[in-house]
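One structure below.
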Amino acid sequence: MWQFTVVSLGWLAVFLSLSGAKGNSCPASWISRNGVCNKLFPDRKTWLEAEMYCRALKPGGHLASLHKDSDSTVLAWYISDHFKGAGHVWIGLRDTNKKRSWKWSDRTSTNYFSWNQGEPNNVQDNENCVHLWAPSGYLKWNDEPCASLHPFICQYKL
C-alpha cells in the first residue's frame, strides 16, 4: 500500500511541475522581497493611475509598500541595476486626508519612513504622494504632487 502512496505522490509532483505550479515564487520578470513580488513599470503615470494599474494587474496588487531598510535597499538595487535613468519612482504612500497622515495603499502599517532631508515639505500645500527620490539612489523618499507623472513599482503578496 505504501508503494501506491509513494507512486501517487510522485505522479502528483510531476503533474504539478508540468502544469507550471511554482508555489511561493514570483514570475520571471518580478523580484521577490519579504513575501511579496515587485515589478517596476517604466510607463509614466499619475500616482492614482499607477495604483489603479497595479490593482488591475494582479489580485491584491498595489503600489509597493516599504517597512524596513532592507525593503528600501532591495528596491533601490533593482531600480538602479535594471532601469537606468528611470527618474523618480512612485511607491504606495500618500496623505489621503491632506493632514500629513501618511498611509500605504495596501493598508499595511505605516511603521517605517525614509524621508530625504527636509522632507516631507508639502510645497504649495500640494504634495500628498510619495516617490523614491532618484538622486538618493532610490533610498530616500520625497513628497510630490499626485498628478506628477513617474514610473512606478507594483507589488502583490505571494
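Here, residue 1 is simply the first one shown, and the rest follow in order.
Cβ from N, Cα, C; glycine included.
The annotation signal peptide is assigned in Swiss-Prot to 1-23 on the grounds of sequence analysis.
Residues within less than 8 Å, Cβ to Cβ, of Cys26 (disulfide bond) and separated from it by at least 6 positions along the same chain comprise Ser32, Cys37, Asn38, Leu158. Annotation source Swiss-Prot lists disulfide bond at Cys26-Cys37 (among others), citing sequence analysis.
Shown for the domain 'C-type lectin' (33-155): DSSP residue counts in helix, strand and coil, namely 31 helix, 36 strand, 56 coil. The annotation domain 'C-type lectin' is assigned in Swiss-Prot to 33-155.
Its Cβ taken as reference, Cys54 (disulfide bond) is surrounded by 26 other Cβ atoms within 10 Å in the chains shown. If you look up Swiss-Prot, you'll see Cys54-Cys154 (among others) marked as disulfide bond, on the strength of sequence analysis.
Every protein chain shown contributes to the tally, and the Cβ of Asn142 (Ca(2+) binding site) ends up with 20 other Cβ atoms within 10 Å. Annotated Ca(2+) binding site per Swiss-Prot: Glu127, Asn142, Asp143, in sequence order.
Taking a C-beta cut-off of under 8 angstroms and a sequence separation of 6 or more, Cys129 (disulfide bond) has the following same-chain neighbours: Trp47, Trp90, Leu93, Arg94, Asp95, Asp143, Glu144, Pro145, Cys146, Ser148. Feature annotation from Swiss-Prot assigns disulfide bond to Cys129-Cys146 (among others).
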For the disulfide-bonded residues Cys37, Cys154, the one whose C-beta sees the most other C-beta atoms within 10 angstroms: Cys154
Asp143 (Ca(2+) binding site) CB neighbourhood, other CB atoms within 10 A: 23
Cβ neighbours within the same chain of Glu127 (Ca(2+) binding site) - under 8 Å, at least six residues apart: Pro120, Asn121, Asp143, Glu144, Pro145
